[in-house]
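The annotation disulfide bond is assigned in Swiss-Prot to Cys7-Cys57, Cys16-Cys40, Cys32-Cys53, Cys139-Cys189, Cys148-Cys172, Cys164-Cys185, Cys235-Cys285, Cys244-Cys268, Cys260-Cys281 on the grounds of sequence analysis. What Swiss-Prot records for 7-57 is domain 'BPTI/Kunitz inhibitor 1'. The domain 'BPTI/Kunitz inhibitor 2' feature in Swiss-Prot is assigned to 139-189. The domain 'BPTI/Kunitz inhibitor 3' annotation in Swiss-Prot covers 235-285. Among the features that Swiss-Prot reports, N-linked glycosylation site is placed at Asn95, Asn111, Asn119, Asn210, Asn217, Asn228.
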Amino acid sequence: VDFETYCKPTYDSGPCKGYFPRWWFNVKTGQCEEFIYGGCQGNKNNHVTRKECETRCLRKQLSRLHFSPPVDQYPYGDTERSNEEVPEYPPVHLNDSLEVSAVMNQRPLRNYTKQHKPNVTSDFSAISLTSGVDFETYCKPTHDRGPCKAYIPRWWFNVKTGQCEQFIYGGCQGNKNNYETKSICETNCLRRQLSELGVSADVHYRKHWNETKYSPNVTVEYPAVHFNVTLNPVCNEPKYPELCKGYFPRYYYNSRSKTCKKFIYGGCQSNGNNFLTLEECENTCLVDLQV
């Protein structure tokens, strides 16, 4: 969607007097918030559900970055160093990691943390999917039914498959890798190392100095950078061969070109990389990350 049109305006209840709970994206907080729509006019930042709002608009604002400006090694009035060559643009170093949000399958994922290389100003050394829980304790252990004999369906995160899977919990003891729903499990544990992402992306910081030459005061602007990241295992499957003779236009995700492409499905069997619409394919297989 057009972010400027559907996500950036402040909510507008409109002139009518109806009472329709709706959701709008607040660019200042980076969150979808509820408001009351009157029923007519208003603007496009008006979404029927929170899920719809987050799918269209969720972007995390990176306003809390901390920068360590270079030290002025050549202060004015230092006559002993007045003839030394001084670099006009000393490097800018980042103290903190950058965090962005991602949406896949119409729900927000956990934060991607992009770690900046020490003393480098143009790329990042690692990207990983993290959550607020202790991964070693809540996600890494194998599921444990416990000694009791109850029959309680639960979910656990399997680090080998990278998926949340169901198991039967006995009702007592066990370990922390034990969730009531698949959604909670994925929220806490779903993470994939993104080493294949091409992390030396085109993130080039533009330095802006004040009028006093060599001053340590500096601000850094960061442009939007997009990454397409495949997270769903079915998206790595090849296009399924046409075994049957049906003619059903479908879409599959091409992991080489990192795009969804059209193909003709024969009508029988499938490896999961088979989608009715282009939108369904992209929602399942592509994550748009924005710094």
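Glycine is no exception: its Cβ is also placed from the backbone N, Cα and C atoms.
Everything Swiss-Prot records as a feature, shown here on the structure.
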residue	record	Cβ neighbours (10 Å)
Cys7	disulfide bond	21
Cys32	disulfide bond	23
Cys40	disulfide bond	11
Cys53	disulfide bond	24
Cys57	disulfide bond	23
Cys148	disulfide bond	12
Cys164	disulfide bond	22
Cys189	disulfide bond	25
Cys235	disulfide bond	20
Cys281	disulfide bond	23
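Using DSSP to sort the residues of the domain 'BPTI/Kunitz inhibitor 2' (139-189) gives these counts of helix, strand and coil: 8 helix, 15 strand, 28 coil. When pLDDT is averaged over the domain 'BPTI/Kunitz inhibitor 1' (7-57), the result is 85. Secondary structure counts, DSSP: the domain 'BPTI/Kunitz inhibitor 3' (235-285) has 10 helix, 15 strand, 26 coil.
A 10 Å cutoff on Cβ-Cβ distances gives Cys185 (disulfide bond) a total of 24 other Cβ atoms nearby, all chains included. If you take the Cα of Cys53 (disulfide bond) and the Cα of Cys16 (disulfide bond), they are about 22 angstrom apart, rounded to a whole number.
When the disulfide-bonded residues Cys32, Cys57, Cys172, Cys185, Cys285 are screened for a Cα within 10 A of the Cα of Cys139 (disulfide bond), the ones that qualify are Cys185. Annotation: Cys285 are the disulfide-bonded residues among Cys16, Cys32, Cys40, Cys148, Cys172, Cys285 whose CA atoms are within 10 angstroms of the CA of Cys260 (disulfide bond).
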